[in-house]
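Student: Could you have a look at this structure, given as structure tokens, before my questions?
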């Protein structure tokens, strides 16, 4: 049995050297990055068995994705390969900013192979047999086919007794708040553990008020066992079976903020799968996220010792 299975798109990230613009760059650094695979990598590096599945073109670009994930001990045996010449590998370009010039992201993900992935193409037993199955709101946004597949995966997992985890992860460049809300509300009925940025809950689901009221409202309305609300510099809050846990942020010198939220989820799930309480899982989530911000790339190159050191030096979890 695999502890964690994640499902979604992973893209290739192409970045010019810091201080250079995309339009003048002569070199681009290549890395892999995607919400669900970032979560799998973080959990795997923190000692949990983790797998990621998706659909990739059988090309050097698709194989580049798998090679990088495997280097971090993520199981990719469930990946569906296609030799369809029209199936592309999604790419995004990241130009690092420096005040007053903002960081700029340009996506080139249309017609990615994953957008055609149907439920019958992969082995659902991997989902049914996992302890936790995770995906995010990015996945159903990519295509109607993938939206249906996401619903099937969450339903099958929950019906089999697998804990289903979902991060709203709303992206304005993919769909409107109304489009996202319609899909999210259907999916949330099959979610046991929800991660939601405070701004996403407000923008997409119309949930205003303080973090605790937002978390309790979502938990009650959708019968979700645990709801974790992230609040940026104000930390995070979780409501689980009626009990509230809070966690502050850890001070960090930010080098690359991309992937911070995924590292948070990966850290939480790693501790959760190790039998940790919600308060302990929030500590690990916050510590993993802070450590990620010191590392280049989407992926949290972190160890359990790294997280334990951050928690030991600055732990400030609260449970009430």
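Keep in mind that glycine also has a Cβ here, set from the backbone N, Cα and C atoms.
Feature annotation from Swiss-Prot assigns substrate binding site to 34, 35, 36, 37, 38, 92, 107, 108, 109, 171, 262, 298; the stated evidence is similarity to another entry. Among the features that Swiss-Prot reports, ATP binding site is placed at 169, 170, 171, 230, 231, 232, 233, 234, 235, 259, 260, 261, 262. Positions annotated as active site, proton acceptor by Swiss-Prot: 262.
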Student: Find the one among the binding-site residues 36, 107, 109 whose C-alpha lies closest to that of residue 260 (ATP binding site).
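Tutor: Of all the candidates listed, 36 is nearest in space.
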Student: Which of these binding-site residues is closest to residue 107 (substrate binding site) if you go by CA atoms: 169, 171, 231, 233, 235?
Tutor: 171
Student: Could you give the Cα-Cα distance between residue 231 (ATP binding site) and residue 262 (substrate binding site), in whole Å?
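Tutor: Counting only the Cα atoms, the answer is 14 Å.
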Student: Taking only same-chain residues 6+ apart in sequence, whose CB is under 8 Å from that of residue 171 (ATP binding site), what do you get?
Tutor: 137, 138, 141
Student: Going by a 10 angstroms cut-off between Cβ atoms, which of the binding-site residues 169, 260 has the sparsest surroundings?
Tutor: 260
Student: Same-chain residues six or more away whose CB lies under 8 A from the CB of residue 36 (substrate binding site)?
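Tutor: In sequence order, 6, 7, 8, 9, 10, 52, 54, 134, 135, 136, 139 meet the Cβ cut-off.
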Student: If the ATP binders are 169, 170, 171, 230, 231, 232, 233, 234, 235, 259, 260, 261, 262 per the record, what's the largest distance between their Cα atoms, in Å?
Tutor: 22
